[in-house]
Structures are given as structure tokens and as C-alpha cells.
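Feature list (source: Swiss-Prot):
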BINDING   10, 16, 54  [3Fe-4S] cluster binding site
DOMAIN    1-29  domain '4Fe-4S ferredoxin-type'
């Protein structure tokens, strides 16, 4: 599993980092960034909560890895 954060939608509310600091941080521009680490079973709950708390729905959890570039990692 991996987390993808849509930088075009992110408004820098910080709910993702407040909810799951193990998975998210904020960049110099104030927008959310996904930390480069796997989403372990222990982190899946906080990841889902971050998805729910994002006010602009900029975060999603993908079960399969896609090719290409994204702001998220994992």
C-alpha cells in the first residue's frame, strides 16, 4: 500500500501531519508531503484517519503501486 497526496488540491491545512506524523510532514511551501516509508498494518488506521480529516480530500491510499511520478511515496 502507498499513500498519494495530490499537491494540486492540498491547501496546507496540516491535518494529515497532525493525525499521522509518522506518515506526513509539511514542505517549505506549507503543503503536505508523504514521508518515504511503507504503510504498515500499524499505520493503516492513522493513514485512513488522515484521509478522512483532509478538508479538500487531497489524500488517498492505493493498494497497488502505479508507475509514474506523484507527490506521495510509500
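Cβ from N, Cα, C; glycine included.
In the three-state DSSP reading, residue 54 ([3Fe-4S] cluster binding site) counts as coil. Each of the binding-site residues 16, 54 was ranked by the number of other C-beta atoms within 10 Å, and first place falls to 16. Under 8 Å, Cβ to Cβ, and six or more positions away along its own chain, residue 10 ([3Fe-4S] cluster binding site) finds 31, 32, 56, 58. Take the mean position of the Cβ atoms of 10, 16, 54, the recorded [3Fe-4S] cluster site; other residues of that chain with a Cβ within 8 Å of it are 5, 9, 11, 13, 15, 24, 32, 50, 55, 56, 58, 59.
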